[in-house]
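Enquirer: Structure below; questions to follow.
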Amino acid sequence: MHVVWIFLLFIEEGFPLAQKTKDAGGGSKGVRPSQRPQRSRHCGNWVRNADGGTFSSPNYPNTYPPNKECLYVLEALPRQRIELLFDDTFYIEASFECRFDHIEVRDGPFSFSPLINRFCGSANPGLVLSSGRFMWIRFFSDEELEGIGFQVQYSFTADPEFHLHVGGLLNPIPDCQFELSGADGLIRSSQVEEEYKVRPDQAVDCIWTIRAPKNNRIYLRFLEYQMENSNECKKNFVAVYDGSNAIEDLKTD
């Protein structure tokens, strides 16, 4: 059975924490780091908790290996953002504009999300903040001149753009889920109010789960689409997941 999850999110909301790591080897000083390297097995240590955790470059605090690519995608809970705090022991091969070995941090879940910064050399990045629920982090090393690398503590904190109501509380996000099957169907955002899932003045975090029979695929065609303040998918967005709602199944094409 093939399953597609569709998330509809309005009014600056999000969905649960998920994390993904991927590692690989490859690259050279004459080759763009974005080219896909060969896969390898070890990509540093991870500690994961509900409120954050840590991750590090391979072999930290010893020298990281050459030809590595590690991806870390963080997703915070609703109404939260992400904070990265780099340990003091930090060194990645220095280069102009960090073109060779580096750690790259982006403000969103994708490789094309807005760049926060690239870090290399011995200058500790310190505290790095996201503007929303997602952060995309990539560590890359080429075939020569390695360093001790990095270790990062990450945590999830309240997003200051959300304003507390009387009593110091935010309005709760109501449960809003739909199950769909059959040969075809139609999904409309207006279903949320029509079926009394939420009131018009409430935040929305709704899920449509589409289930297809075995050996069938699911085809989605957007007939109409308009979202307010959705350029970077921080506030209002539609997300499509292939198979589950884990971050690694988020469709980017």
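Cβ atoms here come from the backbone N, Cα and C positions, even for glycine.
Among the features that TrEMBL reports, disulfide bond is placed at Cys43-Cys70. Marked as domain 'CUB' by TrEMBL: 43-157, 176-253. Sequence annotations record features per position, and here TrEMBL assigns region 'Disordered' to 21-49. Annotated signal peptide per TrEMBL: 1-18, in sequence order.
Burial and contacts for the listed features, if you can.
Expert: Other Cβ atoms within 10 Å of the Cβ of Cys43 (disulfide bond), summed over all protein chains shown, number 21.
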Enquirer: Within 10 Å of the Cβ of Cys70 (disulfide bond), how many other Cβ atoms can be counted across all chains shown?
Expert: 24
